[in-house]
Amino acid sequence: MSSSSSMECTGNMSAAPLLVLTVAVLAVLASTCAADPEPIQDFCVAVPRAGGEASPAYPGFPCKPASAVVSDDFFFAGLAAAGSTDNPFGASLKPGNVEAFPALNTLGVAINRVDLAPGGVNPLHSHPRAAELVHVITGRMLVGFVSTAGKYYSKVVGEGETFAIPRGLMHFQYNPGNASARAMTVFNSQLPGVVPAATALFGADPEIPDAVLAKSFQVDAEIIKLLKSKFKK
């Protein structure tokens, strides 16, 4: 073997441990950043509760026996039709999470349909367990979020365009146009969870004390009482 071949071989051998280490680190990062646990089988169609929703268990949900799973278990038509936007927000949200679509159990994904009337808004909220992609199908939506540094990021998103929202950050969708708008929102969790900002603060049960909210927002307690009256269940 020539000296150049020997050097090339030695270089490749010395690079091998670094490559292995890099792959190992990336694998660990991927597993720690995943929103849901990794699946250990091809699928695990969730077993619904008597009321129709899946029965929670961690990680994931109880599995329907594989021998009883059929093609229709992997089909979901719940997002095909628009919901009613005849409400104070001018918005409709149809969930496609594991509770609505049991086949998503252990798959680490979910999808929602958002319909907004002109001037309608999907109010400020956050998803503690997932990042989100907002893909506009028809119309336009102003989509925005606020970072932990207090910086506001936003974009008017048109048909066929997509906007990314990082996990856990407060965000919204708003229809600035004169026609209805529709979007599909996709999550990297089968059950992203949702924390509506206004409802969490002013509609909590039991109530957050007026004094705490008044001091936090630097407003009079009467304003807090008025806001709470809008969100009482």
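In case you wondered, yes, glycine gets a Cβ from its N, Cα and C as well.
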Cysteine paired with CYS44, where Swiss-Prot records a disulfide bond, from CYS9, CYS63: CYS63
Residue from ASN12, ASN178 to which Swiss-Prot assigns N-linked glycosylation site: ASN178
Helix, strand and coil totals (DSSP H, G, I; E, B; other) for the domain 'Cupin type-1' (77-225): 22 helix, 56 strand, 71 coil
GLU132 (Mn(2+) binding site) and CYS63 (disulfide bond), Cα-Cα, nearest whole angstrom: 26
Cβ neighbours within the same chain of GLU132 (Mn(2+) binding site) - under 8 Å, at least six residues apart: ALA164, ILE165, ARG167, HIS171, THR185, VAL186, PHE187, PRO192
